[in-house]
């Protein structure tokens, strides 16, 4: 395994692999790797000749009041996890090399972005697509891997790839969970004990909502109201949003008559957690 | 020479050439090829194993009141010119294949864009960088070729390449001119006879300005005033702008104490023509 910090060097590596006819799987991360990331790495390892993992806490996708500085980091641990998962290259650039001066161009997401996390994190997805476009141009991956936990991110990356004709396969991997159902996240370490106890109720609330649909509930507003009541009593955090939208279009709907995403975000004192479930009009889970 | 209209087919061709270790020169155009384009093709032919020419009148870079519909087209002629210049592939996509549905992402130029042509063509350079990003992702060129006539376009493409880490060389080629000095342009055919007679004065006015600097003029405002007086009497068109800026930064300056671009645009009845000259603080031509 090689650790590369230099952009030019990464580009030279990638082009030489492409010239050898090798497929490149790319797993973009912000580090502090957990089993969720490992699921991505394993999928990439299985499907490609070369696997490149990037670790970059991208300041562009953090809002001013967000947790850029408290975002957890552990380079030593990440290196070990990458090695165990037979990663070929960790790309670990500095902020200065990624953004040597203010950008003259801006890439922004104008559809699918003003719902769910986009609503409470203005500019977040602009930062995500900007860093991904840069990384895609450095790596030229055959396939890129994302977890279903960030379902909106998947919808937005899908738009980036299609709108700009990147010849890249977008592969989604199911959310990995703790035994109690809490979605794995690098931010989980920032939960206080009581918060940690309440956090699994996010997923429980979403499953409760799915079951209500299974039992015949068709009304979006009714459903969201019931889930909110369920979650408010149990999560120990402040609900940022509970939303039900068509998936993957992320359009608002009144009646549940198609595949939908039911998603929630909860603010804790030092973390904001998200989760979702995707199911059809019968309440049958269809993704992730 | 092959004519490709299908995006996937172009991408497969390109990747196969890259796998063979071949360099790809890319000449993006809107067709109606003239000697200016031929200079780009010749440079690309000389420096690369493969040369791809794209012909696409990109609606995204035309304003609502602009000449998208009257933009001249001649596929038969273009094919002949490309063949003569030993082009390997003409990429000739339809508008529908380039923009099958409204984009979910927007790429916009936030620096270097609100001067010169950007001022009177809002959104123009956004359209330019958007289509180029798409074409870059289809072709993965080693080098891309532009003429100095569109000096601001070169500055903007430079920003696209640097901001988004495209591993592409940007090559600029001097403006090709008619015998009377008029810069070659596909739009020249849209000039009425009297307009055609006046049009060479655009370049003459810019050269006159350069000579004033050679003779000691240092004041930007004075210089632009004198050029305006010179051109207003002679060009048979309406001056859109005459501007003097630092180059390539395109920043406004008061005193001419560095490399600058002196550029003009003139509206005629059915065409808008541009030209420029780049020189140093002594009035010595430095580019193009």
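Placed from the backbone N, Cα and C atoms, the Cβ positions cover glycine too.
Curation plays no part in TrEMBL annotations; they are all automatic predictions.
The active site, proton donor annotation in TrEMBL covers A:37. Under the heading ATP binding site, TrEMBL lists A:30-37, A:147-150, A:176, A:184-187. Feature annotation from TrEMBL assigns beta-alanine binding site to A:61. For A:61, A:153, the entry in TrEMBL reads (R)-pantoate binding site.
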The residue listed as 'active site, proton donor': nearby binding-site residues from A:61, A:148, A:153, A:176, Cα cut-off 10 Å:
A:176
Cβ atoms within 10 Å, counted per site: which of A:33, A:176 has the most, among these binding-site residues?
A:33
Report, in whole Å, the straight Cα-to-Cα distance of residue A:153 ((R)-pantoate binding site) from residue A:33 (ATP binding site).
18
Any idea what DSSP makes of residue A:36 (ATP binding site), helix, strand or coil?
helix
For residue A:176 (ATP binding site), just give me the three-state DSSP call.
coil
Would you identify the secondary structure of residue A:148 (ATP binding site) according to DSSP, in three states?
helix
Can you tell me how far the Cα of residue A:176 (ATP binding site) sits from the Cα of residue A:153 ((R)-pantoate binding site), in Å?
16
Between residue A:148 (ATP binding site) and residue A:61 (beta-alanine binding site), what C-alpha distance do you get in Å?
19
